[in-house]
Amino acid sequence: MLAILTITMPIFIIMAMGYFSVRFDFFTEVQLAGIGKFVIRIGLPMLVFHAITTRPLSDVINLNYLYGYGLASLLAFFAGWGLSRRRGQDATLSALNGLATGMSNTGFIGYPLLAMVIGPQAGGYLAMNALLENILVLPLMFILIDVARGGSGKISTTLWRVVKNLLKNPIIGSLLLALVFALCRIPVPAVAEKVAAMLASAASPLALFVIGGGLYGLRIRGGMADISVIVAGKLLLFPALVVGCLWLFGADHDTVFAGALLASVPMASMYPLFGRQYGFEQRTAAAMLVTTIASFFSISLVLLLWH
């Protein structure tokens, strides 16, 4: 158990530092947003580029993982969406809850956690998850929201908007660029590789710090029954689906562990942001807060079972 705490405690301590830094005005929300932009636009893209260009492509892109984790993400999404609809929740909120159930916060929490356990190999899983989340989960959420809001005749417009956003995503851009280098066997200059490595190393702690700071001000408001369904779906159902689907596609033990660990972290931080955009700020923020706190136990459980 002590070995597990040495992995989980640093993660939550850094998040707590971010929380109290905002609480006691060491950092403002604007400054925190600036750090978050660095992580999203520079740190994580450099991490993905470095992970792919410094190792054989076969060690980074795992088709069994892509198939298994992708299927589990879709199943979890539809489970979260379907349960919310069955409980009589708004169609738009149900689509958001599908996102919350089937999409982890891979970049800000999942990658730093996995990197502490398996080292540089975690970069490959970050790249694969970014690809799956942006081509499967997010488009599905946008389509369901457009249908819910009366835009069923404009699905093609929605898909085109998703494609444009996908191409603007710095992580996806760095992934595509790294694949060009890897497939064409273009050597990365030593100086560029060193710069990428230095910027990548800053991504993990800053990402955790930003997530912790973002939790300040969130309040648990709304029906705990509905929140509990989302928490159980994200932290219990999704990891179980990932394990089952990865085994179904013949993934090895280490790959199953990586997928389960990434699935056991809280939902993507964009969940409450979309919630604010569509008028469900309090409900999504409350679910995010409870899930983040409860994830200490789901993460510890995965580490305990695979330790």
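Quick reminder: no glycine exception, Cβ is built from N, Cα and C everywhere.
Just so you know, TrEMBL annotations never went through curation; they're auto-generated.
Look at TrEMBL and you will find 6-22, 65-83, 95-118, 124-145, 166-183, 195-217, 229-249, 255-274, 286-306 tagged as transmembrane segment.
Between the transmembrane segment (6-22) and the stretches 124-145, 255-274, 286-306, Cβ pairs under 8 Å are most numerous for 286-306.
The highest tally of CB pairs under 8 A with the transmembrane segment (255-274), across 65-83, 95-118, 195-217, 229-249, is held by 95-118. Here the transmembrane segment (65-83) does not lie next to the transmembrane segment (286-306) in space: the count of CB pairs under 8 Å, restricted to residues six or more apart, is fewer than 3. Non-local neighbours of the transmembrane segment (229-249) in the same chain are 64-65, 67-69, 71-73, 75-76, 79-80, 83-84, 87, 97, 100-102, 104, 255-256, 259-260, 262-264, 266-267, 287, 290-291, 294-295, 297-298, 302; each lies 6+ residues outside the stretch with a CB under 8 Å from one of its CB atoms. Long-range contacts of the transmembrane segment (95-118) within the same chain: residues 7-8, 10-11, 39-40, 44, 47, 72-81, 83-84, 89, 125-126, 129-130, 133, 137-138, 140-141, 144-145, 148, 171, 203-205, 207-208, 210-211, 230, 233-234, 237-238, 254, 258, 261-271, 274-275, 278, 280, 284, 287-288, 291, 295, 299, 303, each at least 6 residues beyond the stretch ends and with a Cβ under 8 Å from a Cβ of the stretch.
Long-range neighbours of the transmembrane segment (166-183) within the same chain, counting only residues 6 or more positions beyond its ends whose Cβ lies under 8 Å from a Cβ of the stretch, are 40-42, 44-46, 48-49, 51-53, 57, 60, 107, 127, 130-131, 134-135.
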